[in-house]
Every structure is written in structure tokens, then in C-alpha cells.
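Working notes, beginning with the structure itself.
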Amino acid sequence: MLRPNILLTGTPGVGKTTLGKELASRSGLKYVNVGDLAREGQLYDGYDEEYDCPILDEDRVVDELESQMSEGGVIVDYHGCDFFPERWFHIVFVLNTDNSVLYKRLETRGYNEKKLKDNIQCEIFQILYEEALASYSEEIVHRLPSNQPEDLEDNINQIMKWIEEWIKDHSS
Ligand code: DAT
């Protein structure tokens, strides 16, 4: 049976992991966290001294995911999206969180001052939404609010409906 691939993107802390895992458990689709995948496979290409983090080896990440993406039924979670092949995704969701809410979430994670500031700016300037629009067809890119538990529930219900429709339309 054919199943869709879904991309969840947005600034760190907006709730991609929370939504992705819940969606996977309710829909039976597979959840892939690209950050975890890179850590497990050491899919890195150097180290960024300024941001104090390893640099993702995007080509190796794409190679690693290619076969499961061609099969379908994968929910991908990453705070970036311009290096994934456009053909992979049937729909793209960019999660958005109000600055004050996001600030508290990132503070709880223990981010340093610079990382906090950079991520809040990333959200203010809608960097990931712009990146998604530049990388995928406009019609498949959707923004979702992700501030409170009610938003999570609404987003899950909305995406579950979309998945069911997609599967129905592609079976036969
Ligand atoms: P991300 O994967 O985008 O970095 P996350 O899923 O780890 O984000 O969520 C960051 C924190 O915010 C985490 O403590 C769970 C919380 N959270 C996520 N979505 C939420 C929502 N809709 N309402 C309230 N809290 C939420």
C-alpha cells in the first residue's frame, strides 16, 4: 500500500519531535529524527566552532534515507529542509511558536545566550518557512501554530485526516 512522506520543519523547540512521534504512533507511519540519525551514524562533516556543534554531512544523510523515502510512509523531522530532494515529500509542515513561549522552551533546554538569540531570530524572521517555500512547491507547504497543547491536538487531527485522504486517493 502506498503511504505519504511528511516533512516537519521549523526552528528548534517549536514541537516537531512531539508532533512527529505522536503522529507516527497514531498513523503507523515511521518517524525519523534527522538529528538523531546523524548522531547515531556520525553523519558529520567537520565541526562548527562558532555554534559549538558538528556540521551535518547532508549528502550522507540523503543517501542514508533514500531507500526508505522511496518506499513511502516516513515522517521526517529536521530544522532545515533545503538539502532534501524535493521529490521525497508529499506535504511539508512548518511549525511556528510565539517568541515568548519559544524563549521559555529553549531556556529550559539550557541553550546559551547566543544560541537562544539566534534561534529566536530564526523564528522571528520565519527562516524555515522561507526555506520551505524556496525548496518545495508552495501548494504543499503549510504553517501550523504550536504554542499550547490544544494546538498539538488540532495539528494531529488535521494531519491524520490528510493522511487518510491521501491513502484513500492513492489506493486502487
Ligand atoms: P523540536 O523537536 O521542534 O525541537 P520538541 O518537540 O522537542 O521541539 O518540543 C520542545 C518542547 O516544547 C518540549 O518540552 C515539548 C513542548 N511542546 C511541544 N509542542 C507543544 C505544544 N503544542 N504545546 C505545549 N508544549 C509543547
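Cβ coordinates are placed from backbone N, Cα and C, and glycine is handled just like the others.
Whatever TrEMBL says is automated annotation, not expert-curated.
Look at TrEMBL and you will find GLY13, GLY15, LYS16, THR17, THR18, ARG109 tagged as ATP binding site. The number of other Cβ atoms within 10 Å of the Cβ belonging to GLY13 (ATP binding site), over all protein chains shown, comes to 26.
Sequence annotations record features per position, and here TrEMBL assigns region 'NMPbind' to 33-56. Through the fold, the region 'NMPbind' (33-56) approaches residues 17, 20, 64-65, 76-80, 115, 118 of its own chain, all at least 6 residues removed from its boundaries and within a Cβ separation under 8 Å.
The average pLDDT computed for the region 'LID' (108-118) is 93. According to TrEMBL, the region 'LID' annotation covers 108-118.
Taken through DSSP, the region 'NMPbind' (33-56) splits into 8 helix, 10 strand, 6 coil.
Close to ligand 1, meaning a Cβ under 6 Å from one of its atoms, are these of the binding-site residues GLY13, GLY15, THR17, THR18, ARG109: GLY13, GLY15, THR17, THR18. Neighbour counts of Cβ atoms within 10 Å were compared for the binding-site residues GLY15, LYS16, THR18, ARG109, and the top value is held by LYS16.
Under the DSSP three-state reduction, GLY13 (ATP binding site) is assigned to coil, being neither helix nor strand.
Mapped onto DSSP classes, the region 'LID' (108-118) shows 7 helix, 0 strand, 4 coil.
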